[in-house]
Amino acid sequence: MCGIIGAVAQRDVVDVLLAGLRCLEYRGYDSAGLIVVNSQGQSSRLRRVGKVSNLVCAAAKTMLLGETGIAHTRWATHGQPEEINAHPHVSTNIAVVHNGIIENHELLRKNLQDEGYTFVSETDTEVIAHLVNWEQKKGGSLLEVVQRVVLHLHGTYGMVILDIYFPGILIAARSGSPLVIGCGRGENFIVSDPMALFPLTRFFLYLEEGDIAQISCNDIIIIDRHSNVVQRRKIESHLEYDSYDKGVYTHYMQKEIYEQPQVIQNILAYRCKNGLISFDELDDSAYALLKKAQHIKIVACGTSYHSAMVAHYWWESLAKVSCDVEIASEFRYRQSVVRENSLLITLSQSGETADTLAALRLSKQLGYLGSLSICNVASSSLVRESDFALMTNAGIEVSVASTKSFTTQLVLLLLLVTKFCSLKDKQSLVEQDTLESLEKLPTYMTQVLLQDILFSELAKELSEKNHVVFLGRGDHYPIAMEGALKLKEISYIHAEAYAAGELKHGPLALIDTNIPVIILAPNNTLLPKLKSNIEEVRARGGLLYILTDTNSGFVNSERVRIIFLPHLKDVIAPIVYVLPLQLLSYYVAVRKGTDLDKPRNLAKSVTVE
Ligand code: G6P
């Protein structure tokens, strides 16, 4: 996690750094800091606990000037979110900002203490600052010094180093955490996400694993992991920047929930033409690989894991191909057996989630047929390192809690499964059926969102509860899980999801008159089974909220609230049923007054494991 920005210019860079940090805040917001140096070698460092806005306020009251600088917004790993632990960390003349984890920091700290260095923070990053200072004493340019330093580091880093005595130069090193150079005119930048530089430049050089770069106003030198000087391709970004505007909405999450019908309409218009699904990103070799696949393995984290779980049902029921889904952090550390002709699919909004990226890298050693990434960020590490990638085109998602990323992933997955059916069997009618169902999806989504007053009312009751249970069956079980995750993330109410058939195996013991139970009950073949589960909860006094079709036979009664949704074809039902859960969580969080776009302890892009 953590956001990094560095700048070398011929003008004061304080505002550039602060504006960049605001953009990077989705990566962490426990504390923030910066250091700037002017051409006379005078430096000033400022750090504050909490959001970037605290740093911005402090900067307005402080004399800060400098043409070279580095800045950081932190998601704490080692050491509490206190000012002393905020970056940049300094060792005499060396200042460092760092994203990642230095796993051997304790040993390095001990060695440096033996050399006479005093540590003031609990962070692993301070070790890097002292280590650079120590290595510098042996001579060489800062670039050469950093080349020697990284040999001592175990773990992950995206770091930027500044020598206060020699301003005008930044050294950046990447191993496990992304860094991108932004190329300006007579000024250059380094950043952990190019979006933070959009107001300044659209031209970027993506550092690769093991790269170390020396960046000055007019020059960029990149050394690869084998110590060769290399050129990285300059890429122009065409991404829209205006998504950072909340428009008429109070919160980004609210905006992103309401954007979903339009975003999905756009995806369908772009991907589905003349009754056929087209994936412009996939070439003949990608299709050949898909055709060969006899097993699908999907790895993901968080909300992306939940969409993978829904797709698991589709792969097996529609495409009749075996599929298994695993949390990336589990997959990467266990010994797994790869089935013959397995295709690995990684799912990620950001494309930078450390565990998902590690899972992809591991898969390359394990004998998978190949890798396909489904992602929202075209320039991300995951997309660049996968054999093939499909973009979800959700647009920028700012809120930490994913909403439109989830539904767009589902749409992409459904299109992919459907395309797979046609590839395997030219006579398959699945493509026609799916396209017919998807056609009306944006309309159904809009109908649900129009009921927002109802969800805001229901949120009144839920916001007073301490625990909530979500139930679903089949492809609505992962939707129940996503509903529980949303509620936990932004309202801090304890929520659990269960496959309704599992109730008797434990969760029923939780049910009493204080526990609301939210049940996803679309009118499908599992409804009779679900009705029995509902009776089991009702008999124990549970307070029921049932999301269902108009014609599924439920009626409101004491302690049972029915929320009617449109009647839907099975295949699109999960994509619609998640919307009420997003709205409920949103309104509960609004009532509780949480900082719902930036919930405590969380970050949008989890770039450390
Ligand atoms: C974090 C975010 C979640 C997201 C998860 C996976 O936990 O807060 O919203 O689902 O990471 O992120 P990814 O970018 O890989 O989808």
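Note: Cβ is positioned from N, Cα and C throughout, glycine not excepted.
Note that TrEMBL annotation is computational and uncurated.
Positions annotated as active site, nucleophile by TrEMBL: Cys2. Secondary structure from DSSP puts Cys2 (active site, nucleophile) in coil.
Positions annotated as active site, for Fru-6P isomerization activity by TrEMBL: Lys604. Taking Cβ-Cβ distances under 8 Å and a sequence gap of 6 or more within the same chain, the neighbours of Lys604 (active site, for Fru-6P isomerization activity) are Tyr26, Arg27, Ser350, Glu397, Val398, Ser399, Val400.
For the domain 'Glutamine amidotransferase type-2' (2-218), the predicted model reports an average pLDDT of 94. The domain 'Glutamine amidotransferase type-2' annotation in TrEMBL covers 2-218.
What TrEMBL records for 286-426 (among others) is domain 'SIS'.
Residues annotated as domain 'SIS' in TrEMBL: 458-599 (among others).
Long-range contacts of the transmembrane segment (571-590) within the same chain: residues 250-251, 253-254, 257, 260, 264, 310, 314, 318, 401, 403, 406-407, 410-411, 414, 433-434, 437-438, 440-441, 444-445, 448-449, 451-452, 455-456, 458-459, 462-463, 470, 475-476, 478-479, 482-483, 486-487, 489-491, 493, 518, 520, 522, 524, 547, 563, 565, 596, each at least 6 residues beyond the stretch ends and with a Cβ under 8 Å from a Cβ of the stretch. As annotated by TrEMBL, transmembrane segment applies to 571-590.
Listed in sequence order, Arg27, Gly28, His72, Thr73, Arg74, Trp75, His87, Val97, His98, Asn99, Gly100, Ser192, Thr607, Val608 are the same-chain residues six or more apart from Cys2 (active site, nucleophile) with CB atoms under 8 A from its CB. Counted with DSSP, the domain 'SIS' (458-599) comes out as 68 helix, 32 strand, 42 coil.
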